[in-house]
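Chemist: Below are the features I grabbed from TrEMBL:
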| type | residues | note |
| --- | --- | --- |
| BINDING | 99, 100, 127, 128, 129, 130, 208, 211, 233, 262 | pyridoxal 5'-phosphate binding site |
| MOD_RES | 234 | N6-(pyridoxal phosphate)lysine |
Ligand SMILES: Cc1ncc(COP(=O)(O)O)c(C=O)c1O
């Protein structure tokens, strides 16, 4: 299909008519007067998520404290529902905390610096919260980030070279944290290759899946990373501030959590309320405090959609719709100074397209004025995420047509370049 792409609306309509996921769009709250291209930042609400949230509210209303009887293992149940997304064992996943808290939890559990092996390896393109967490973790152990955080640098500000990461795996590295999909350039790192290289050198490794979960299939039974973390408000559409995911490989179940709390205690003795912590030896043992049911319930609804459709089919459409977007950019926009900044190969790009332009900031403002929601990332990136579950090929066509109009008419010039807090 890809080689036959055509740059006209009738072809976009044909793609929509033949989209195997077209019925799923109706389950989401898509605003008819708006084109939403920001599902990689905050996924749209779905009716399934709403239903699950309202059901949780009803349970609270009717049952009060008795709700614990049915919901005691809810965080683990959501972990079980998440397992097919990464092909992990269900007991290796728990829905808890936020991405950042879960990084703190995993690093404080698994980072055991010695005189010779004390460094944490990271890259310089990951989302900053990961670096803030890593820097503070080494400080807690008495190091400065300069001493103990080793940074693999990108050569072009877009991509991370896996070979450079592997070369940086020296004998002083204890643990590695990397993103699976880079938040700006959409590059997919080869988790299998990098994880194997780390393990061959006696180094532990964890992955930040924020831009990968729900966008690309992963196989943790094969990759066998030591830990992983992810948020659920992007592709998983579980709502603003929804509760995050934590994966802990079974081989680490006996480790004591770095950040212990009573929700990580063994189920059988949790309510004995003893002052000696007894660790629950599965992923749920890395919970800290009481689970936030109202912020978790929408995830149950959307995971049902993901499990019904299957992540492979979602990826199939995502690859086609992002390929179509890149094709239209090449056909219609390249001449106006736009450039595709993400890798083009199917196995190296995630769920969004990284569109670069020197006027990216003001063009994003013009897009919003025209009823299209993109997002901007410094210094020159317009992130565009046509989401497999709810975006259409015709929306992609309109998006490119609108960008062309903005570029030709220079409508972005009416906006200031001064950055505001949220774009
Ligand atoms: C790669 C990555 N990690 C972490 C976060 C955010 O962390 P948290 O969920 O704790 O806010 C983001 C947010 O966009 C992200 O892109």
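Cβ coordinates come from backbone N, Cα and C, glycine included.
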Chemist: Select the most exposed residue of 127, 233, where exposure means the fewest other Cβ atoms within 10 Å, treating these as the binding-site residues.
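Modeler: Selected from the binding-site residues 127, 233 on minimum Cβ neighbours within 10 Å: 127.
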Chemist: Counting across all protein chains shown, how many other Cβ atoms sit within 10 Å of the Cβ of residue 129 (pyridoxal 5'-phosphate binding site)?
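Modeler: By my count, 14.
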Chemist: With the Cβ under 6 Å from ligand 1 as the test, give me the qualifying entries from the recorded positions 127, 208, 233, 234.
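Modeler: Those recorded positions that pass the cut-off, since their Cβ is under 6 Å from ligand 1, are 127, 208.
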Chemist: Check each residue in the chain of residue 99 (pyridoxal 5'-phosphate binding site) that is at least six apart in sequence and keep those whose C-beta is under 8 Å from its C-beta; list them in sequence order.
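Modeler: Once residues fewer than 6 apart are set aside, residue 99 (pyridoxal 5'-phosphate binding site) is near 129, 208, 210, 229, 230, 231, 244.
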Chemist: If you pair up every Cα among 99, 100, 127, 128, 129, 130, 208, 211, 233, 262, the residues annotated as binding pyridoxal 5'-phosphate, what's the maximum separation in angstrom, rounded to an integer?
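Modeler: Greatest Cα separation within the listed binding residues comes to 30 Å.
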Chemist: Any same-chain residues 6+ apart from residue 234 (N6-(pyridoxal phosphate)lysine) with CB under 8 Å of its CB? Would you list them in sequence order, or say none?
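Modeler: Sequence-distant Cβ neighbours: 39, 40, 41, 42, 43, 210, 211, 213, 214.
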